[in-house]
Amino acid sequence: MTRAQVLDRFDGIARGRTSGGRRAPHKPLLLLYALARFADGETRLGYRKVEARVRELLRDFGPAGSSTRIHYPFWRLQKDGLWTVGGADALTENASGDVSVVALRKLDPVGRFTDEVADALRSHPGLAGELIDRLLADEFTEAYDDEILTAIGFDPDARETAPKRRRDPAFRRRVLAAYEYRCAVCGFSAHVGDAPVGLDAAHVKWHQYGGPDEVRNGLALCALHHRLLDRGAFTVAASSARERVVAVSEAARGNEGFERWMLAYHGRPLAAPVRSEYRVAEPMTAWHAREVFKGRPRS
């Protein structure tokens, strides 16, 4: 296979996404783990090891309460034409085309990339890193990149290219102006000359899942609160038709800095934008609370 053919095959994997924007990172996380192991010389992965490691990745980087049934992507990736499971003849598929997790745990079959994919990965040393970049950019916000790379054991310096993220500079300008160039959580504001510094336009509903580049899907946040929002440490709740408040997760914790810069804002209203129609729309906050927010809000 050529490099372009491998990229196309990875881009075409069936991910189980729904029209409602449900996150389904199971296959991407398994592939990220397998690519990192391949780059480290580990080309054959027993099911039990994959299940343990990818379950940890789903716990840390998937939606709260998401299924951790790793046997589905481990088996179903074969239909995407880039993965094979050794000893598959000893496993019996059910009516839906899946196999028993009990049988997988008992037999511990080996999963690996197909020969043609593996040959392409060996022929193009930077291809594994490029695939990792594309999977990250298509499934997660940038807040996840370094943590996922560390978790899968992949050296960021081994990548030949940086992840290419879609950017709409007009979205950033509109959102920052709507919140008067201040963090909607803590009020942080800084400029060097005329340029705002340390302030981001955050998507509440990720664009990877259909979140629009519209002010009603954006918040002006300092770099810290942007990262905490993307990692699910807090979400945005509607206390009324006119007010949005900060809701901190019971799963989020830390030291005095966390208490000062995060917990102190729990239950407090976000700064209001300059026009009421710029408030974050409830469909966007509902998506974030369901798909990104970790656990339940504190009382």
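Placed from the backbone N, Cα and C atoms, the Cβ positions cover glycine too.
Predicted automatically and left uncurated, TrEMBL annotations should be read as such.
Note that the coordinates shown come from a computational prediction; the quantities given were computed from them, not determined experimentally.
Quick look at what TrEMBL lists:
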type   : residues : note
DOMAIN : 7-155    : domain 'ScoMcrA-like DNA sulfur-binding'
DOMAIN : 183-236  : domain 'HNH nuclease'
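Taken residue by residue, the domain 'ScoMcrA-like DNA sulfur-binding' (7-155) breaks down under DSSP into 87 helix, 9 strand, 53 coil. Per-class residue totals from DSSP over the domain 'HNH nuclease' (183-236), listed helix then strand then coil: 14 helix, 17 strand, 23 coil. In the predicted structure, the domain 'HNH nuclease' (183-236) carries a mean pLDDT of 96.
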